[in-house]
Structures are given as C-alpha cells and as structure tokens.
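What follows is a short report on a single structure.
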C-alpha cells in the first residue's frame, strides 16, 4: 500500500488544465448533490408522518419552477461542454514543431521507433518541453495508449494510424498503460514514458544501438520494394513523391486529400482505392506485405523526400 | 374467487401457463438464479483485486470471470429484471386488463430467454469467453481462443425475448387500457415501460445483427470488422453501442418507473410534475438513441463527431435531472413513512444522482479522454445499473411483494437489507471513482501497488453488499411461508393494482374496470 496518492502527478500543461476542469466540475456537481441531499433529508424530517408541519395544498406542478430547473442545468451543461470541447480540440492539434515518433502496439508490448533509428520496447524517452506527436499503429487487436500523468489516451486501431500529442513539462518517469482490453496478458502491457532534460535526452538518443535513421531505413526499403523504379523515373506513369508530404492531392475518384501519414499508409497498402488523378492503376497493393515498422520507415522517408 | 397462485399448481401447469402473473414469477426465479451466478463471478473478481499481484486465479480465468459477470448481469439479469418481472406482473393490473395482449408470446419470451441463458452458461462451462461483455473486434472475431460463438449466439437468441416482450407491452398499453384510462392518466410505471419497450423493439435488432456479423467473421473469415480482412473495427463499436447505450435506458427507465410509484405512495401525495415526468421518460428514450458515440471519444473517431456526441450527451442529462428534482419535490408537504420500499427508493435517488452527475464528467470531452477505460467508468455505470436499477428492482420487489405473494415481508430485516445495500454499495464503488482518476485501467488482473488501498476498500464494501443481497433472498423466502397475510392495499397505494385482492385472482379484477379520473385520484378514494 505504498505510494498512495489521491491525485495523480500532472506532467504536462494540458494535464493541469484537465485537472482545473475536473475540480470545477467537482465543485459544481458536488454542490448539486449536497443541495439535493440536504433537501431530501430536510423534507424527510419535516414532513415525516405525524409531524405537525403545515401540509395545505401540496403543489402538483409548477411550470415556472420546472422550466427553470430544466433551463439552468442546460446552460451549465453547455458551459461545461464548451470548455471540455475546447480543451479537447487543443489537445487534438499537434504543435507545429512536434517531433514524430512511431509506436507499434502488439499483444502485449509497445514498440517505439525514433526518427534517428533508435528503437525501444515498453519505454518511450522524450525531452522536457519538446512537443511530441505519436503515430500509433497496431499489429493485431485494439490497444489504447494511456499515460495518466499526461491525462491523455488514444486507442490504437489495427489497419490505420491514430495519433496523439503531448508536451511534457516535468522530468520524471511516468506509467504507460494499455487501456483497452486486448487479451490474456492485457494487465501486463505496461511501459514507462521517461521525460528527460534536453541535454540528457540528446545524449540518450545518440547512445545505444546506432542503427541508421528511420528515414534512411525507409530509403533502403523504397529501393528494395521497387518504389523508386516508377516514382523516381519521371516517366509519367507514377506520381513524383518529392515534396509531396503535407500537400493536397487530387484523387481519381474525386476526393481531395492531404498527403499525411494516414493517407500515405492507405495509398501504399491499397493503391487502387487511392489512385491519384491522371495516373494509371499500375501499382501493386502492399497490404499484407509490409510490417508496421517498415511502413513507418517508408513514411518517414517520404516526409523527408 | 381463487388466487392465481392456487390455480393450476402443478409444475407442468406452471411451465405451460400463459397468465402474465405466473410468467412474471418464472422470470423472477430465472433472473434471481442468474443474478447470483453473475454475483459469484464478481466475488472472485473482488477477491483477486484485494492484492496487486494476480495471485488468486490466472489471468485468463480472470478475463473469463469479468466477461461472465458482464454478459450474465447485462443480458440475463438487468435487461429483463424490472420489465419482465414487475412489468409483466403489473402492467395489466395497472391498466385494468386481464392479461397482456399476447399471453402465449409472453411465455415464449421466457423460454427464449431461458434457452439463451442456458446456452451462455454452457459456453462458460465449456471453458468460458474472454472478450469482455463488449465483444470488441477484431479480438473477438480473429484473436480470442475462447468459446465466443456459443455465447454470442446465445445473446443473439435472448434478444428475441426482449423484442417480443417489448412488442407485447406496446400493444398491451395501446389496446388494453380500461375504458376512461387515457394516456395522461397512466401511472408513470406504465409510461416508463412503454418507453423501454420502444427501445427494446428498435435497438435489440441492431445487437442481433452485430452478433451475427461476429459469427460470420469468426467462422468464415469474411472481412467485416478485422482490417486484416478488409473490415473496420470501429464499425463494430458503432453498431454495438447503438444498442448498448440505449440498453442502459432499458435498465434505468423501468427503475425510474418503480421509484415514481414508491415515492408518492410513501409520501402520501401525488407525484410532483406528472406531465413533465412522462415527457422526460420519452425524452430520455429518444435522446438515448443519439449518444452512443460518447463511448468512442478516444477511438480515433473524428474530433467533430466527438463534439457532436458530447453535446447530445449533455442534452440527455436534462430530462434525467428533471426526474430527480421532481422526486425530491414530491417529498415536500408529504406525510412520509420510511418502510423498506421507500428506503430503497430514496437510496436510488442518491445513487442515481451520483451516477448521473459523474456521467457529466464522462460526457465532457477532455475529461473523458483521461477517464474512459478506467475504473471511473466502472464506478459510473455501476452507480446507474446497480445503485439505480438493482436498488429500484429490490424496492419494487418489496413494494409489490404483498400483492404478488399475498404475504408481508419482515419490515425490520428489509430495512436492514436496504441500508446494507446503500452503504455496501457506496463503499464498493466510490473508491473506484478515485482509482479511475488516478489512472487505474479497468479489466486489469494485476495492478500497481499504489492502487491497493482503494481496491481493498472496494472489496470490503463488496462483502457488505453481498450480505445486502443475500438477506432479502432469505427473509423473502421465509415470508412466503410464515409472513403475515397481506391485505389488498397495505401501503394505501393509489394505483389500480391495489384495488384487487392480494394475491390477485386469475382474472385480475372481479368486475370490469372503468376509470373516471386520474388513476391516482380514483385509487385515493379506495385508500381513504
């Protein structure tokens, strides 16, 4: 029973804002609950059978009263809704300078790929004050990336990327949980987010296994899988990919999309359903051919290209 | 005139009865059995969680236990509880009818329910299911090695029992009301069951389809939900919660109906704001269909979808608030006694209010992101489903026990049981709110040591709660044989059901019923 704490550590500015919202709602709902408890107790005592309280004309309805206890809660609810939605929308938008880290979940571990090629399992090292955006993918079932100290959670869905952003402002080691039930050892699918001062983080990043950077691994795959044969030939039978990332793309089916991680993933795995307007349906589908880590590397390369 | 209990006493006659009152008792026996099976699973879960290490049962067994607890409690206890037992018994009595519109269909519903229940138990005896009651895909379709198909098919099958009961109630309430008993003279209990029936009929088919799709993907690898086969796992969540959120209202609306009968009776006055109460019931039923997405705020659904569902979820809280305020206002200028049904009803208001207010935290987007999938959610829905629905069910059982059995229950023991339920429940589930805010995820077989204190409190509360459930089982059984004979109207109740004998005759009423004014006023004459 060690380390008992009623209030979890808040290690991001967002977490502190969520706590403020929480305590305001606690005050609001607590007031309502106490007022009701008081009224019920008071009426129960005053109007107990046999008491000599006045009981003439007990009201059976009072439209003004009833409408007011519809309208006042509704207004309060709208206020809470707006506040919570605003905070949610803010957390949804990653900072412009956010560092992207790919995280792959599988039964029952977290695999992390940093941009410079450094990999880790069940640990995620980040720097204090550095906005981070995680691209989350699952190899099997649904998992959920949950760091209570950051007050953030994002389900990890097989077959697509989901993403989550945070900016830790306090060094320390924080629990990472899988929050969606994922099978036998779900409760042990835990990890740690280690938030380090920037200098320590830089040292950490350069130590350990010095694999090639994620994007150079992606470049290797890009040649190996024959992508370069068409996309770099300038022959006009495949769209050029240089500078494509983040740009709008007109698709053959009329959709207009942004070439972000999510769409690039789809375009690699299911090219026919994502054909760029003006190009023939030549590209083979890579669904089932690529590991999640390989996809992450390819996309990291395309980001740079 | 002989009572329905003495007419046709053999087992064969009971099992082939089409009397709504006897079918209600068949349901009561069956759901009680399932309640204690589901409860036994909860006992082992709470024992396991008394220590942080997973040391009582293996992880796989633990996962099967919480699945069994959820599946049994949701589909084989909570959904049928108040409608199929109290609703079945009371709706014809309250509207002055001889039986439900389709008596044989009513008996068929019970058999369908029972076959589904036996199928589920069979699946659990074969080795169990480890998917959680939510059957999330692709885990349930492609990854779980447990007996998913038999249980999913049993749930599918049982759904038809819900649909038929709902259909039966809708037709009965439309067609069989006594002359003069217009819609706005109906007891709120009947309104609540009308609204519930609409949900049963409209939502349950979606559950049925979803269960069939699980079976198709699991058996034939047709890509519906698993992205590896070209399916979409979020599609499953949308379909599942399209049923399972309204299912919460299937559990809680009838509970509100029960409480709306008990409180005016023991406060000895008319309910405050009858019309708004009826509108609120219908409002909850309709809005309840539009909020399923609030189970999916962290699922990767679009941000704007999240905002829409959040806003709609706050709207559904308004009619719930009206109900709580109106019950409270009904106490004003009453002449209140605190018999056991009233204690359960007041307990219901307290627990339902806490459950409802914490629901606001979960409807608030940024807070939900932190709280969803944690013990906060577990605490929230137990406050609604156990603190709300089970407390009301037990209150209703005590309230109408004299009518159903012709015997009085022992009042002192019943008050003790009601108090134990209230305190045991709070001790069990309030600590879980704190665990959730601290970040303990649900469905964890083992957990970090800092969560132990609150878990121990919760397990201690569960043992009090267990006694609060076992006590009524004992003294109610005792009262069947030794309880004082009940008069027709022991509570000076105002509904039509108190106008007939206790227990009622097979035909319910000796003379055709005609209603001249508001039910509650008519009956007031008889009570004077």
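Each residue, glycine too, has its Cβ placed from N, Cα and C.
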TrEMBL tags one of B:240-264, B:490-514 as transmembrane segment - which one?
B:240-264
Which listed range (B:24-45, B:65-90, B:110-129, B:194-220) shows the maximal number of Cβ pairs under 8 Å with respect to the transmembrane segment (B:454-478)?
B:24-45
What stretch, picked from B:65-90, B:110-129, B:240-264, B:303-322, B:343-367, has the most CB pairs under 8 A with the transmembrane segment (B:24-45)?
B:65-90
Which bits of the chain, at least 6 residues beyond where the transmembrane segment (B:379-401) starts or stops, bring a Cβ under 8 A of a Cβ in it?
73, 78, 81-82, 85-86, 89-90, 248, 251-252, 254-256, 258-259, 261-262, 265, 339-345, 347-348, 350-352, 354-356, 358-359, 361-362, 407-409, 414, 417-418, 421-422, 425, 428-430, 432-433, 435-436, 472, 476, 479, 486, 491, 497
Along the domain 'Cytochrome oxidase subunit I profile' (B:14-515), what average pLDDT does this model show?
96
